[in-house]
Each structure stands twice: as C-alpha cells, then as structure tokens.
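The structure appears right after this line, and notes come after that.
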Amino acid sequence: MAVASAAPGSIFWKQLLFSLLVLILFCDACQKISLQVPSHLRAEALVGKVNLKECLQSASLILSSDPDFRILEDGSIYTTHDLVLSSGKSFSILLSDSQGQGQKEIEIILEAGGKKVPKRHMKDAVLRRTKRRWAPIPCSLMENSLGPFPQHVQQVQSDAAQNYTIFYSISGPGVDKEPFNLFFIEKDTGDIFCTRSIDREQYQEFPIYAYATTADGYAPEYPLPLVFKVEDDNDNAPYFENKLTVFTVPENCRTGTSVGKVTAIDLDEPDTLHTRLKYKILQQIPNNPRHFTVHPDTGVITTTTPLLDREKCDTYKLIMEVRDMGGQPFGLFNTGTITISLEDENDNAPYFTETSYTVEVEENRIDVEILRMAVHDHDLPNTPHSRAVYQILQGNENGTFKISTDPNTNEAVLCVVKPLNYEVNRQVVLQIGVLNEAQFAKAVNSKTTTTMCTTVVTVKVKDHDEGPECQPPVKVIQSEDCLPTGTELLGYKAVDPERGTGEGLRYKKIQDEDNWFEINEYTGDLKTVKVLDRESTFVKNNQYNVSVIAFDADGRSCTGTLVVFLEDKNDHPPQIKQEELTICRHDKDYVVLEPTDQDGPDNGPPFQFILDNSASKLWTVETRDGKTAILRGRQDLDYDYYTVPIQIKDRHGASATHILPVRVCDCTIPSECRMPSKLSREAALANVFLGKWAILAMVLGSVLLLCILFTCFCVTVKKTVKKCFPEDVAQQNLIVSNTEGPGEEVMDANIRLPTQTSNVCDTSISVGTLGGQGVKTQQSFEMVKGGYTLDANKGGGHQTLESVKGVTDTGRYTYSDWHNFTQPRLGEKVYLCGQDEEHKLCEDYVRSYSYEGKGSVAGSVGCCSDRQEEEGLDFLDHLEPKFRTLAKTCVKK
C-alpha cells in the first residue's frame with residue numbers, strides 16, 4: 001500500500017517518524033538488497049522493485065524510512081523528487097502486518113554509477129571489462145490484430161540468469177495502469193503476451209518497464225524500458241469536417257475564381273498512405289452546364305466558366321467525395337454536400353413597362369401627384385441592385401416637376417411643384433430615365449447596349465380662371481427723402497392673365513407699418529399721407545415696404561410687395577448722445593466727443609467742432625479723425641460742474657449747437673467720481689413719491705390721533721357731570737358677580753359674596769357700553785332699597801338699569817354695610833323656604849310692578865326690584881324648588 005509523502009516539519013511527518021521508530025525497534029530484518037542506480041535520478045523515476053512477499057506475506061502497512069523515496073504495494077520504489085547521489089545511499093522499507101505476524105525491515109542499498117577519474121590520474125586508471133547491460137529489443141504490435149490471444153509479443157532475458165535464479169516482471173501502461181491487464185509476462189521465461197486487440201487511435205504506444213530480480217528481491221540489473229509501438233491499420237474512413245458547408249460566389253465571376261476550400265479529417269496515423277486524401281465532385285445539382293471543379297489534394301473549389309447567372313439559378317449543390325490511400329479504389333471514403341449560393345450583381349438594367357404616358361393637370365395646381373410609372377428589374381428585390389432611381393432628362397428646365405421613388409412599390413411618382421400656366425404653355429413633354437442605386441455591371445454574355453431605359457410623358461395643361469397675377473412679386477420704386485404729404489407715387493400693378501391687362505382689378509393696402517401712404521383703389525398708385533423719413537425706425541437699408549393685394553370682381557386675388565427706396569437727404573445735423581461728460585484729473589485732462597449723424601455716409605463725417613466764444617476762454621477742442629474730437633481745459637479747472645456750448649457741423653454744413661454738461665472730478669475713472677452727476681440729482685428729485693405704505697401710515701396716524709383726542713374729551717366731560725342718585729330710580733337691579741364656587745351652608749346667617757376688582761378705572765377708559773353710555777367695572781357694591789352702587793372712594797362704575805341714562809353714583813355705603821344687610825336675610829329666607837316647601841310651591845301669587853323707574857327703557861327684571869321697602873326680601877320665602885340649587889350655591893358649606 002503506497003503512502004503519501006509529507007513535507008518535513010509537518011505533524012504528519014512527525015507521526016510518520018514516530019511510527020518508523022517503533023517499527024525499527026520491534027521488527028526483524030530481512031535480507032539486504034543492493035540496487036545499481038545512476039548518480040542523477042529524476043522525480044518519479046523508478047529505482048527498482050523488491051519482492052515484499054518474500055519478507056512478509058501480507059503487509060498492511062508499507063513505509064519508507066527516507067522521504068526521498070516512496071514504495072508501492074507491488075514493491076516498486078520511486079523517487080519523490082530529483083536526486084543527485086555522489087556516493088551510495090541506504091534506507092529501509094518497513095513492513096507491518098495487522099494480523100499479528102509482526103514487523104519486517106528490508107534494507108535497501110543504492111550504489112551510484114562509477115566515479116569520475118581526474119584527468120591527471122587517467123594514465124593510472126586500469127582498463128576493466130564492463131558488464132554488458134541487457135538491451136531493449138525493438139517491438140511493435142499490429143492494430144486490430146485478430147489473435148489468437150494471448151498473443152506472444154516479445155521475450156526479455158537477463159545475463160544475470162547465468163549466476164542467479166532470475167524472476168521477471170513488468171509495469172506501466174497496459175499492465176498496472178490504463179488499460180489494465182493488456183500485457184503480462186511469465187516470470188520464469190520473460191515472455192511477454194498481449195491479451196486483446198489494440199486501437200491505435202486510442203493508444204499509439206505503451207512505454208513499460210521490465211524487471212529482473214532474484215528470489216530474495218535482489219535486482220542485479222537496471223529496469224529495462226520497453227516501448228511497444230502500435231502499427232496503424234487503415235480502419236478509419238476520412239470524413240468532412242462539416243457535413244453541410246455553404247459557400248458564396250458572385251454571379252458572372254471569372255473562370256478560376258475560388259469558391260471555397262473543403263477540409264476532411266482522417267484519424268489514422270498522419271503522414272502515411274492511410275491519411276493521404278483525395279477530393280472529387282461526384283455530382284452537381286443542377287448538372288448542366290458544369291460550373292465547378294475541385295483540386296484533388298487541397299480541396300479548393302473553383303469556377304470553370306464565367307456564365308454563372310443568379311437570375312437563372314441562384315443555388316448549386318455539390319456532392320463531394322473524400323478517399324484515403326491516395327484515392328485508390330480500395331481506400332476508405334466518405335461523402336459530403338456543399339451548397340454554393342450566387343451573390344447578386346447589378347447585371348440587369350430596369351426598364352419601364354410602357355414606352356410613353358399621357359396625363360392632364362389643371363393649371364396653377366402645385367404639390368399634386370399626376371402620374372405613377374412602374375418598372376421591372378430582374379435583380380434581387382429590395383436591394384441597391386433593383387431599387388430604381390428616376391431622373392427627368394428633358395422638359396423640366398423650370399423645375400416645375402419633381403419625380404421620386406415609392407420605397408414600397410419601386411414606382412416612379414411624378415408631381416407638380418410649381419404652377420403651370422395654360423396661357424403660357426398648354427402642353428409639356430418630359431423625357432424620364434431610370435437607373436439603379438448600384439452601378440451597373442454588364443455580364444459577359446449580356447446583350448444590353450445601354451444602361452438607362454427612358455420613356456416619354458406628355459403633360460397637358462387644362463385651362464382654369466385663376467384670377468389676377470402679381471408679377472413680379474416684389475417691385476422697387478425710388479423716392480426722395482423728406483417727400484411732403486400729398487405726393488403721388490407709381491404703385492403696384494397686377495395683370496389679369498385672361499385679358500392680359502389690369503383692367504377691372506381693385507387694389508387694397510394690407511401692410512403699411514407707419515401708415516405713410518394711401519392707395520388708389522382703381523389704379524394702385526400711392527399718395528403720401530406723412531413726410532417720408534429715411535431715418536425712421538421702420539426703414540431698413542433705406543427701404544420701406546408696402547404690401548398690396550389685387551383682386552378681381554369674383555374675389556380672386558394676388559399679393560405683391562412694393563419697396564420704396566428712399567434717397568438720403570441731409571436733414572439731420574450731428575448729435576451727441578453722451579448725456580454727461582466726466583474728466584478725471586488723475587487719469588487724463590480731456591474728454592472725447594463722439595457725435596453721430598442719422599444721415600447716410602454722404603451726408604455725415606467729417607465733422608467740424610466750434611466752441612462758443614464764452615466757452616473758448618476755458619476750453620479747447622481738437623478734431624482727431626473727422627469723427628471724434630477732444631475737449632480739454634485751457635488750464636487746470638476746479639472740481640465743479642461746467643456747461644460747454646459747442647456747435648457741430650457735418651460735411652455739407654448742417655449743424656446743431658449742443659450744451660455739454662461736464663464735471664471735473666478728483667478720480668481715476670468716471671465711475672469712481674464721488675460728485676453726483678447733474679442727471680442723477682435731477683432724477684432723484686423727480687423720483688420722490690409717496691408709497692402705499694407711507695400713505696397708509698399717515699392715515700392710521702391721523703385716525704389714532706383723533707381717537708386720543710375724542711377719548712380725552714369724553715373723560716373731561718364725565719368729570720364735570722354731577723353724580724347723583726335720583727329718588728325715582730328703578731327698584732329692579734342686577735348684581736354682577738363672577739363667583740362660580742358654592743356659598744356657605746344654608747343655616748349660616750352670613751352669606752359672603754365675592755367682590756370683582758378691576759384696574760380699568762385707573763386708566764379712566766371706558767371698557768363697555770350700555771344704552772350708549774360708558775360703563776366701568778366695579779370694585780365694591782352696596783345695596784340701598786334694592787339699588788347697588790360703587791364705593792365712591794374706589795371710583796367704580798354703577799351697574800344698575802339707570803346706567804342707560806348715563807347716571808352714575810359714587811356710592812353711599814361701604815361693602816361691609818351691604819354685606820351685613822343681605823347676609824342674615826338671605827339665610828333666613830333660604831331656611832324658611834326649606835321648612836315650608838310644599839305650601840309655598842302651590843301658592844299662586846301675583847307681584848305688582850307698577851313703578852319701574854323714571855325714564856327706564858326696560859321692563860322689571862324680577863320680584864326683588866321693589867326698593868320702597870327696606871325689608872324687601874320677602875320674595876325669598878316663596879322660592880320654588882327649581883331655585884334650590886341657586887340657594888344652596890349661595891350658602892357656605
């Protein structure tokens with residue numbers, strides 16, 4: 001059993017060393033075996049083979065004491081990596097039996113090849129006879145051998161058989177490797193046998209090793225390498241790499257044009273007669289005429305004629321054969337199908353189905369289709385070789401017609417794009433030609449003499465009353481600038497084509513931007529209604545446009561444009577658009593004047609600049625290039641504003657005097673001048689206005705002031721009125737109380753009522769009205785004969801029905817007097833109400849309210865309004881049950 005090797009230092013290696021140590025200590029030694037090996041051993045090289053069964057019959061564990069070697073189950077010794085043996089090397093094979101037979105050890109001694117003798121000792125070397133090594137015998141096996149099996153292959157013999165009893169064995173592919181058990185050897189005779197037939201296409205050769213060992217496992221010979229080569233048998237027929245192959249070739253191609261190359265495969269041994277292939281064409285479909293041939297050795301298919309015509313046959317099929325053995329009749333063969341498609345060429349010119357066409361169209365019709373023409377083309381449809389391109393060769397010098405191709409039907413579509421005039425031309429003859437998108441390629445056998453087919457189209461124009469004509473569409477007339485009003489100008493003239501004159505036509509102006517003209521309805525002439533001005537913003541490039549419509553009696557019309565070209569007149573003097581000039585003393589002591597002239601160049605520069613006598617004392621002006629001038633102070637001027645009168649003339653003397661505002665400033669550039677400009681100051685004054693928020697603030701302020709004055713007036717008037725309590729005051733009163741909590745117990749004679757305080761009186765401002773008079777809040781109350789007043793010391797407002805008259809009382813009693821008066825009476829009445837509830841409930845009584853107070857506008861408010869009696873609280877004795885909750889609330893619990 002083979003054991004995988006482990007790297008030194010690993011855990012597995014440590015365990016392996018421990019196992020070897022145990023085996024060495026407790027195992028018996030078998031016979032030593034010496035093996036002759038070369039001094040250099042490659043990795044996985046076979047060192048030798050040992051008969052392990054002679055030492056231990058059944059070994060379950062096979063180990064090597066040296067990690068440079070590994071031992072197989074059959075006793076073969078292999079290296080684990082490349083080794084260089086300078087001298088002998090020894091190691092042990094350790095065998096262990098799990099059935100209890102013990103452990104065995106086989107010592108292996110490797111003897112390296114002969115030592116090299118230094119050159120200086122070459123003469124001292126003794127010539128010795130070396131032992132002849134058993135040489136391999138060349139051997140081969142026939143593929144697909146019929147036997148009988150086992151079939152004798154070869155015999156190996158070792159010269160050591162003269163001195164030892166030699167046993168032979170083999171290993172390698174076919175023995176202990178795939179394919180297993182193909183070869184075996186008789187260990188006594190060395191005869192090697194083959195057990196079955198071999199397929200060379202699967203195994204070309206078998207490299208195996210033969211071993212010669214003694215009974216005790218000694219190997220007196222090196223392993224003998226044997227190579228059994230399998231001789232090829234022609235058992236594989238060639239076949240085409242692709243069963244169906246498609247080639248393409250242009251039609252009408254030259255003779256000898258390569259169509260394609262076919263390739264076949266033969267699995268037999270290369271470079272032998274078994275793989276020497278020959279190609280030939282067995283059949284061409286269709287067969288007549290024969291167009292193709294194939295090279296027998298290379299398989300290249302070529303054309304044999306230039307007469308390939310796709311329109312006759314677009315596809316050919318070739319049945320081809322490939323045969324080995326150089327094409328001999330006894331060689332193996334196979335067939336395949338080759339499809340050759342012909343590529344279309346533009347070898348057929350399109351042609352019209354009709355030689356001539358006739359069509360009618362009404363005059364003045366445009367963008368209308370008048371005719372469709374079909375063509376035939378034998379080339380491949382929907383390709384550049386068959387798509388038609390039409391041309392109008394003659395008769396369309398004015399561009400009246402347009403011809404195009406319908407992409408769906410390939411027809412020619414003839415259209416009218418400009419109106420036809422029956423009065424000018426009643427019939428038009430067109431010559432139309434057709435070509436393909438692709439260039440024409442004439443075939444060898446073609447009889448075509450021209451590549452373009454033509455046809456004739458006769459277009460007859462039908463008469464139609466189309467109305468007036470405005471020809472030309474734009475008419476130009478010249479006029480002087482500044483032409484006065486009332487001047488007549490030649491207008492636009494239209495023509496009726498039916499009559500050849502403009503008689504009976506009417507004219508109307510449809511566009512006149514600045515309304516300069518009026519038009520004569522019958523003649524179309526213009527008359528000025530404004531002075532013509534070339535410098536107007538409506539004039540572009542000295543031209544002013546007027547659009548005119550001409551119409552006949554039937555309402556048919558045409559439109560024309562009249563361009564009035566205005567000749568320039570020197571009617572505008574030079575102007576300076578610079579509103580204010582700034583001289584920065586720290587930059588330069590002058591300013592540049594740049595006048596403009598609205599007139600044309602002939603009435604413009606050069607300009608002449610003349611200072612007024614008053615201005616020439618402080619200023620000088622210098623003309624630079626006839627278009628600009630420099631204004632400079634004669635001396636250093638103070639920082640201030642200046643006005644400089646200056647006259648500017650053009651080349652013809654038209655002039656104007658300008659007052660130039662100039663500011664001399666302490667700055668570097670004009671934008672840094674801190675001195676506000678005259679224009680900005682004037683603009684600031686002109687732009688001052690009241691905004692909506694300012695107006696609103698003023699209105700609200702006025703209203704607030706009026707309110708304050710009115711309040712002060714009212715307060716002053718109230719202080720001057722004598723406050724008194726009239727004798728005829730009403731006996732019905734309402735007591736204001738904000739108390740929401742319960743009162744004392746019913747049996748308690750003292751009923752404490754809360755007071756209501758407010759600081760509003762301190763501000764002397766009315767907080768509510770009753771009957772149109774101001775009412776102030778109360779601080780303390782007093783009851784006198786049913787009336788309630790405020791304490792005068794507190795300054796509170798009266799809260800009675802008489803308050804509607806504006807009468808207030810400063811109060812006659814204090815709060816304690818009022819409290820002492822009402823407390824015992826309320827308690828007594830509540831008690832009596834509870835004692836005689838049944839009787840008092842069923843009493844039906846009437847209260848008199850004969851006197852309600854002088855001037856009162858309201859009726860009585862209850863039975864408690866009787867102020868004539870001081871003890872006027874008897875009504876509390878007759879409270880109904882629904883008032884019990886109110887009574888309990890007023891009693892302190």
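Residue numbering: from 1, along the chain as shown.
The backbone N, Cα and C atoms fix where each Cβ goes, glycine too.
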Asn163, Asn820 - the residue Swiss-Prot records as N-linked glycosylation site: Asn163
Return only the integer: C-alpha distance in Å from Asn545 (N-linked glycosylation site) to Asn163 (N-linked glycosylation site). 137
Cα-Cα, Asn398 (N-linked glycosylation site) versus Asn163 (N-linked glycosylation site), nearest Å, comes out at 123
Helix, strand, coil residue numbers for the domain 'Cadherin 3' (353-470) per DSSP? 0 helix, 53 strand, 65 coil
For Asn545 (N-linked glycosylation site), the number of other Cβ atoms found within 10 Å of its own Cβ: 15
Limited to the domain 'Cadherin 1' (133-240), I'd like the whole-number average of pLDDT. 87
For Asn545 (N-linked glycosylation site), which DSSP three-state class applies? strand
Set of same-chain residues at least 6 away whose C-beta sits under 8 angstroms from Asn163 (N-linked glycosylation site): Pro220
CB neighbours of Asn398 (N-linked glycosylation site) within 10 A? 10
